[in-house]
Amino acid sequence: MSGATLEAYLASCTARGDDLSRDVAAVIQRLAKAALDIRKLVNQGALGTAFNGTHGGSNTDGDLQKDLDILCDDQFLTCLQGAPVACYASEELENPVLLDPSARLAVAIDPLDGSSNIDNNVSIGTIFSVLPAAKGPDVDPSQSFLQPGNRQLAAGFFIYGPQTALVLSLGKGTEIFIFSSRLGCFVEAYKSAIIPERAHEFAINMSNYRHWEEAIRLYVDDCLAGSEGPRERDFNMRWIASLVAETYRILIRGGIFLYPADGRKGYSQGRLRLVYEANPIAFIIENAGGAATTSIDRILDLVPENLHQRVPLVFGSRREVARITRYHVDPNMIGERAPLFGKRGLFRA
């Protein structure tokens, strides 16, 4: 059932707001316009000139940059020229770009999340965070991004899949808009999305089981044990390897997503980036009634140490996220498990 257009929704949200809220709305509309251009590039697939080319360099994550990654980054950076944005930070750039020092907003973005999966026609997307810009004489632009996620003014992601969608939170609920080809704009499809408290699905990359810490193994063992185990109900496992696709599914159907720290080289602090991946996703999830943590600590309370800091990420149905925290901090949680599901679990480490 369709609702307001994105433009009408933003107008209603800012009708009684201040200049800052109107600036946020202006930025979101510019991002939406750029996303529709990127949608066209993505939809060309292997027929597009940017699809198979590689840039020759690596991004801050060490991933080989595709031409499409660079094009998308340039597209968003260009669309924010002249917008009320002081500085722009991206996964594809080592340092923030200064735009308008007098502006009041900062934008952090993962321009094409999941681009390594594009050859497989998996849904990919753009994740963004809008923050108040740091102010002061000779302020370093990076300071705008070294503030906790609970200070975000807005966050969202575009997903380029069977439908092109925008998931958006301005801090009071989470809305889902679908692009209407007939109308040529985003239209509200799910108003005030609410994540079900009870989860029946979990998403994790099981191939890394042997590298996880014990609490994560035990949680997964208990889910896999199903109705015969301590959870006394069956679970399904999902793994798309696309953060935006996993998040979208959880918003619609509930469940939990886990990308924990593990014992592999480079993964001890987690893998996802706090500023432009974990923070915006956590903001969206919490405003839909869910929770997001590092397994222990609330994501939105973390103060970033640097722009590209990595963190573990667990999010989804509130009860399941809280349960994982208890597996980490409450020894009695392990002691209460049935003998069959003791520390060895269903798998040998």
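Cβ from N, Cα, C; glycine included.
Within 10 Å of the C-beta atom of Asp110 (Mg(2+) 1 binding site) sit 30 other C-beta atoms, taking all shown protein chains into account. Taken from Swiss-Prot, the feature Mg(2+) 1 binding site applies to Glu91, Asp110, Leu112, supported by sequence analysis.
Taken from Swiss-Prot, the feature Mg(2+) 2 binding site applies to Asp110, Asp113, Glu277, supported by sequence analysis. Around the Cβ of Asp113 (Mg(2+) 2 binding site), the number of neighbouring Cβ atoms within 10 Å comes to 28.
Annotation comment: Swiss-Prot describes Asp113, Gly114, Ser115, Ser116, Asn205 as substrate binding site. The secondary structure of Gly114 (substrate binding site), as reduced to three states from DSSP, is coil rather than helix or strand. Close to Gly114 (substrate binding site) in the fold, though at least 6 residues off in sequence, lie Val122, Ser123, Ile124, Gly125, Ala241, Ser242, Leu243, Val244, Ala245, each with a CB less than 8 Å from its CB.
Within 8 Å of the centroid defined by the CB atoms of Asp110, Asp113, Glu277, the record's Mg(2+) 2 site, lie the Cβ atoms of Glu91, Ile109, Gly114, Gly125, Thr126, Ile127, Phe157, Leu243, Val244, Leu272, Arg273, Tyr276, excluding the listed residues themselves. If you take the Cα of Asp110 (Mg(2+) 1 binding site) and the Cα of Glu277 (Mg(2+) 2 binding site), they are about 7 angstrom apart, rounded to a whole number.
Taking the Cβ of Ser115 (substrate binding site) as centre and 10 Å as the limit, one finds 22 other Cβ atoms among all the protein chains shown.
Within its own chain, Asn205 (substrate binding site) has Trp239, Ala241, Tyr259 as residues 6 or more apart in sequence whose C-beta sits under 8 angstroms from its own.
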